[in-house]
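Notes follow the structure.
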Amino acid sequence: FKGDDTCEYLLSSGRFLGDKVWQPHSCMMHKYKNSEAKNCLIDKHIAFIGDSRIRQLFYSFIKLINPQVKEEGNKHGNIPFEDKSASIKVDFLWYPEVNGSMRQRIKSWTEAATAKPHIIVAGAATWSIKIHNGSNEALTQYKINITSIAPLLEKLAKSSDVYWVLQDPVYEDMLSESRKMITNEKIDAYNEAAVRILNSSSRNSKAKVKVFSVSKLIAQETIMKSSDGLHLPESSRETNAMILMNVYCNKILKPIDGSCCQPQPPLTLIQKLAFCFFTLSFIGYLIINLIHRNNYRKNKPCTDLENGEEKKPAVSTPTVSTLEMLLHSFCKLGLIMTYFYLCDRANLFMKENKFYTHSSFFIPIIYILVLGVFYTENTKETKVLNREQTDEWKGWMQLVILIYHISGASTFLPVYMHIRVLVAAYLFQTGYGHFSYFWIKGDFGVYRVCQVLFRLNFLVVVLCIVMDRPYQFYYFVPLVTVWFMIIYVTLAIWPQIVQKKANGNCFWHFGLLLKLICLLTCIFFLSYSQGAFEKIFSFWPLSKCFELNGNVYEWWFRWKLDRYVVFHGMLFAFIYLALQKWQVLSEGKGDPLFSTRVSNVLLFISVACFLTYSVWASSCKNKTDCNELHPSVSVVQILAFILIRNIPGYIRSVYSSFFAWFGKISLELFICQYHIWLAADTKGILVLIPGYPMLNVMVSTFIFVCVAHEISQITNDLAQIVVPKDNPTLLKRLLCMAGFFSGLLLFSAIQDQSRH
């Protein structure tokens, strides 16, 4: 650990993930687009000074600004480049040797009254080796020349970013006869001299010339692909140019997936207040605990010395009070949130980019599926989608989604399309579960609504405060929250139709179907009217919840992607409960769901539909086109899975307790992964143990799962305290919550104003 300056790692160390993806040691590299490069380098002047290798780097760099640039012009002369739209000027200056001419050019910048280049990239040596036939005298002269240039570079480094590029190794077998004297041994000697002299000069100066040594590591892996043994292949040059762009631009644009060279963000006002709150909770809990211990000691049984009997205290040991339980929960939560902050906001732990390979996704999938089968137990009930079965379903889906995220499998379209079905299946369960509850119980009370909203949103609200992220950033929670409210409003508005009422008169079934048709019509209208949707969610304070990057487009996209599946879940619940009431289904232990013939036909159709969808998803060529079809067809594979899982009696009567355990904390796992398993807000991977990828995943996963489980328990404990069943008390708590969120909005507005 070298402190906050991850630039040193970026410029000096790293490794290849696969053939072309470069992974700096400890931090993440952002892949800059042309528009981002222009935005960062606007009104900037960059100078590349050196030989043909520096010219290569110059061309790769300007192609990040304008990909249409062609490598043409005088190879042994100066080459200017200018982008007038962004006022960017990039010059290549031909100085193939470190000599008096190069020194004079650098000196002119130090003495010039006009503006100096904002970035200077320099380097040369191979020409000196070639011209002087690799003589020791040439090396001695090189040391003298670079010693005279070093103070000038240090002077420039006070106002500009100065980089000295070390010489890349060569592939000696491919070198032409005129270049045979350029050996790796000679190159190492020149590099060693440059590093020693520049570092010695830096110790005597506050400014520092940055040594660009990472190019050597890249060349060691790729120089064999060189066309002449001297110059790097294009992919390696592009990597070097991207590293330069990250070194300079990350601290300006602050991309989420570019953690290299980014300073630690300052604490916001809301984060400071959260820190004070957790600190006060910790102090309060300690005080109450000390008081209770003191009382216990005073009332501790003492032995009567005369007869040897133990006297019982007059007062019994005090029970845990509501306040103590509240403070205890906040203490644990405070410690957990500290870990969250250290993992993904402080520059304490390392972060790495994701890199997808088929084996990194499919091998863990096979492993957890085999593991899940070993934990098979009998269910308490054998109904379709019973509690154990839905927990199991959530559990294995969540584990697959976690593996999908950490392996970076979103780049592989067939996997992406299948994962979209799993997300849709979660929302299907939302529609099925909440509809079933309201239909059977008929409980539309405020207590039920508050309990559900608290359990869904508590962790996300805390993370929004601690991690300084908008509510919409954790998109899945806003999604299930809004759909829960839609289900509630649909069933709660007049006339309230529940199972008890419908059993007395079949007419009410048609009334409910009419409600569902109205809901489907509204969904259809909003999905094809982006303007109307955005107007609804652009009203304050809704806009504060659903905006991301200043607009609600992301929210509209997420909602639209699975717009019909909650309706499908509600409709399935209605049909299933109606069939159950009419005793069409056989849900006994070991019994097939229908008659043998019907069960076999439905099973065959289900398997065919399941495989057909998988074939279609695997043949997808365009993500946009497939996403357009997904809302309408995802229900096919979901229904096929439900029938395959429930028609055979034996399969319906057993479940995996391993998957069910994870299913009970699936929401916490989904949210916690953002910061303490993945990193940089899901863009990278958290590295607790560098150099040992498998051990790192094992340790970080263990901590991550334990934290998610603990947060689930804390949420359940706090839900009982914050959302009481007593209506007058609940009303007071709701007023307090309204005050809390009003204060949060006020502080958020102050915070936004101070940022601007």
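Cβ atoms are placed via backbone N, Cα and C, with glycine included.
The feature transmembrane segment, as given by TrEMBL for the ranges 333-350, 423-440, sits at 423-440. With DSSP classes pooled into helix, strand and coil, the tally for the domain 'NXPE C-terminal' (22-92) is 22 helix, 19 strand, 30 coil. Most Cβ pairs within less than 8 Å of the transmembrane segment (561-579), among stretches 395-416, 423-440, 473-495, 507-528, 731-750, belong to 423-440.
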